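Here is the structure we will look at, set down as structure tokens.
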Amino acid sequence: MKVLNDSIILLVEKLLIIFSFVYLMTFLFYMPAYLNYVYILSLTILYSIYFYVSKIKLEISFITILSIVLLGYIYIAVVCADQLECKRYKLYTLVSLFILLQLNSLIFRKHYKFASKVFILTILLFYLFLSIKIIVSKSSIFFIIEQYFDNIGIFAIFISLSTVIILYRIKEFRFKYINWMCVLILLASSICVLLLKSRTAFIVLVSFLVFSKMKCIRLKKNKIVLMCFIGLFVLILAAFIKQNSSLGRLFIWKTSSYIVKDNLIFGIGYNNFAAVYPIYQATMYQTGKMSSKDMLLADNTKVALNEYIQIMAELGLVGLILFILFIAVYIHYNKENTCLYWCICIAMFFSYILHSAIICYMLILQLSLSSIPPIFKFDQIKSIIILFVLICFSLYSLDFCFHKINSTKVIQLLFTQSPDKLNTFYDINERYLCDNTKILFKLAEYNYEHNCIDKSLFFLYRLDDLIKNNELELLKGKCYVKNKCFDLAERHLLLSIAICPNRFVNRYELFNFYKNINMDSKATVIAKDICEMKEKVPSIHTLVIKKEMFNYLDSKIVR
């Protein structure tokens with residue numbers, strides 16, 4: 001009987017490890033909601049069997065306590081800001097990741113070698129599938145990559161981080177040419193990063209080479225290999241560094257510093273950066289703090305391109321300290337992986353990897369393989385009770401996510417129907433759609449096109465707690481023009497210009513507004529501004545607008 005129990009435990013443990021890593025592959029297929037449901041349910045059943053048969057006891061480590069404190073702090077910040085409804089989905093995701101990290105850690109450490117091998121094979125299969133997808137498809141590589149990642153840069157960072165993880169974990173495999181395979185993997189990933197032209201990804205790989213000193217590659221002439229790789233990276237990196245190439249990132253950091261300064265201790269609230277940053281950017285323009293170069297760099301920014309700045313802006317100094325403590329604990333107790341964690345820290349300094357679902361999940365799997373000594377253990381009865389609570393929360397969270405994804409798919413099909421049907425469906429499923437910025441904006445545009453102005457404004461103001469950009473303010477202005485609320489129309493059209501001063505369309509819309517209400521003096525000022533504007537990206541559309549402005553000014557001179 002004991003032998004049977006041990007066999008069942010071993011089988012379930014191996015299945016749990018495989019399940020956890022296979023889920024990484026599902027990002028490639030845009031897995032339907034019901035399959036997510038099946039996955040979590042299967043994982044829950046396996047964990048239930050495992051806890052029952054193995055009689056394992058739940059452990060509490062310092063990282064567990066720190067995670068609970070951080071999650072509690074975020075929850076309080078959301079509730080105090082009265083944003084629980086629109087942030088519910090994000091909170092569920094955070095808690096689900098925490099539960100997954102805690103449960104996986106129990107098993108991954110027990111089967112460290114097996115889990116490491118599955119991790120490597122999963123990433124290699126990921127590369128293989130994506131390579132085939134890109135080669136077979138006749139579409140642009142940018143379109144293919146952006147199906148799974150936010151953009152090409154994030155894909156390059158995923159390659160560099162997963163390469164570093166592979167080079168650390170590949171030692172679990174024992175075969176003759178493993179050293180040369182490491183060199184081949186490093187070379188292949190370097191070529192990919194070169195083609196994708198991501199400086200951050202290059203910095204991650206160079207950091208790995210410098211910090212690790214190629215310990216994972218034990219060739220006789222490893223010093224020569226190291227110097228060759230570093231030299232190659234520096235030359236390629238130098239080729240990509242052009243004048244003003246990083247000014248956009250520096251401008252975002254500069255603007256974000258004002259947010260941090262005004263909200264130093266507790267921040268602006270979790271996931272509020274996209275809603276607050278544009279207001280600060282607009283204020284810089286309105287108060288004359290934005291130079292002519294900065295005007296060309298201003299854009300509809302959603303992230304700070306630096307996780308530390310973003311965390312400090314959203315969660316304040318308290319949140320940043322908790323986050324740094326979280327990282328420090330992992331580095332302290334996993335000194336053999338110090339280089340790997342430093343590479344992750346460097347990537348966070350130049351990009352927004354925690355806002356990419358696929359990279360975030362990969363990092364959770366990596367953290368699950370790390371060893372943190374427990375402070376104390378629960379007895380078996382308490383372990384079962386806690387597990388039951390975690391399972392109930394996971395199922396509730398999953399049910400919410402299932403309805404959210406399903407509602408999003410259904411409403412996208414209804415955009416061919418009348419606005420009344422569309423709006424009725426939204427009202428019924430508002431709980432699941434109230435934080436979907438793309439759907440809300442699409443609803444606002446759709447209602448505007450069908451002259452349902454009040455409903456369009458309703459959706460636009462629902463977006464205010466989630467995001468702000470020049471397009472939203474422009475649409476608000478156009479709505480108020482149709483409602484003949486000219487003061488409000490002018491205010492929002494001016495704000496759309498202040499958020500992105502380099503957009504010709506915004507000024508052109510304001511010009512037409514002044515022209516149509518016979519405010520010729522203001523229309524002339526806007527026309528002159530458009531004629532003097534520098535083009536961020538030259539296009540036929542901007543040339544047509546400029547030509548119209550010159551003709552308008554010439555007609556005024558003739559009169």
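Yeah, the Cβs are placed from backbone N, Cα and C, and that goes for glycine too.
Please treat TrEMBL annotations as automatic predictions, because they have not gone through curation.
Small disclaimer: the values here were computed from a predicted structure and weren't measured.
As given in TrEMBL:
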TRANSMEM  7-30  transmembrane segment
TRANSMEM  36-53  transmembrane segment
TRANSMEM  60-79  transmembrane segment
TRANSMEM  91-108  transmembrane segment
TRANSMEM  120-145  transmembrane segment
TRANSMEM  151-170  transmembrane segment
TRANSMEM  177-196  transmembrane segment
DOMAIN    185-324  domain 'O-antigen ligase-related'
TRANSMEM  224-241  transmembrane segment
TRANSMEM  308-333  transmembrane segment
TRANSMEM  340-364  transmembrane segment
TRANSMEM  384-402  transmembrane segment
Listed stretch, out of 151-170, 177-196, 308-333, 340-364, that has the most CB pairs under 8 angstroms to the transmembrane segment (60-79): 308-333
Distal contacts, the transmembrane segment (340-364) - CB-CB under 8 A, six or more residues away: 23-24, 27, 97, 100-101, 104, 123, 148-150, 153-154, 157-158, 160-162, 164-165, 168, 199-200, 203-204, 207-208, 211, 249, 303-308, 310, 327, 330-331, 334
Averaged pLDDT, computed only over the residues in the domain 'O-antigen ligase-related' (185-324): 78
